[in-house]
């Protein structure tokens, strides 16, 4: 396909989804539009809004990549638009649901209070949802859409399960620390959430070749999520921080929970992201 044709669809789809996001906010949440959230003094709302906007860009780009086939302008418009709008609706719906379920349902109140740590965690959840949605919702007909929705639901469950399991490795309570405005804990949580989503998104790639084959491939990629555990305990804590090796807890947990060291939280997040990106690239 001609590059200008693809880029034109990319630009048009992105602008259309951003416009739909703004219209939806004006109708359903007039107190929290992008412009108003970024102009007011609530840092949590600002971070949440940025996460939403980034998710929209992810969905738009992959809708064009996965649904555009150049078979005709009308057909391309139909299926790119359909999958992009479905993706946007899923991001907003599951993003809102996730915010209400994650961290013991404390996030909404903390965001309204202006808790920047809560806003960062919520924004990261939207980015993670955008990554998963952008890879799951792909195809060129109604049959593909049905399959996409099934794998989207599977991926969302996978995200919540792995985040819950992974955060159980810490000796501190993520919900309590984020509620207490601990930005270091929020950075760690955000990095882990997006890193897990990157590998889930990678697991969703590829053509549907039957349920068993596709699920086998999906599960095989997810095994690489186990690599995040030694990254945390061995690479970050022992190699980079020079602390004794421990299977759980240790210097990193103390630095994040007790000292609220944002540098340690950011380092942990960065290593998670780097590891996931490297694995996704090499697979």
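The backbone N, Cα and C atoms fix where each Cβ goes, and this holds for glycine too.
Automatic, uncurated: that is what TrEMBL annotation is.
The structure displayed is predicted, hence computed values, not measured ones.
Noted in TrEMBL for the protein shown:
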type	residues	note
TRANSMEM	6-23	transmembrane segment
TRANSMEM	44-65	transmembrane segment
TRANSMEM	77-103	transmembrane segment
TRANSMEM	115-133	transmembrane segment
TRANSMEM	145-170	transmembrane segment
TRANSMEM	182-204	transmembrane segment
TRANSMEM	210-231	transmembrane segment
- Which of 6-23, 44-65, 115-133, 182-204, 210-231 contacts the transmembrane segment (145-170) most, counting Cβ pairs under 8 Å: 182-204
- Message: With contact taken as 3 or more Cβ pairs under 8 angstroms (pairs 6 or more apart in sequence), are the transmembrane segment (115-133) and the transmembrane segment (6-23) in contact?
- Response: no
- Query: What else in the chain is close to the transmembrane segment (182-204), if you only count residues 6 or more beyond its ends and a Cβ gap under 8 Å?
  - Reply: 116-118, 120-121, 123-125, 127-129, 131-132, 134-136, 151, 155, 158-159, 162-163, 166-167, 170, 172, 174, 217-222, 224-225, 228, 255-257, 259-262, 264-266, 268-273, 275-277, 279-280, 283
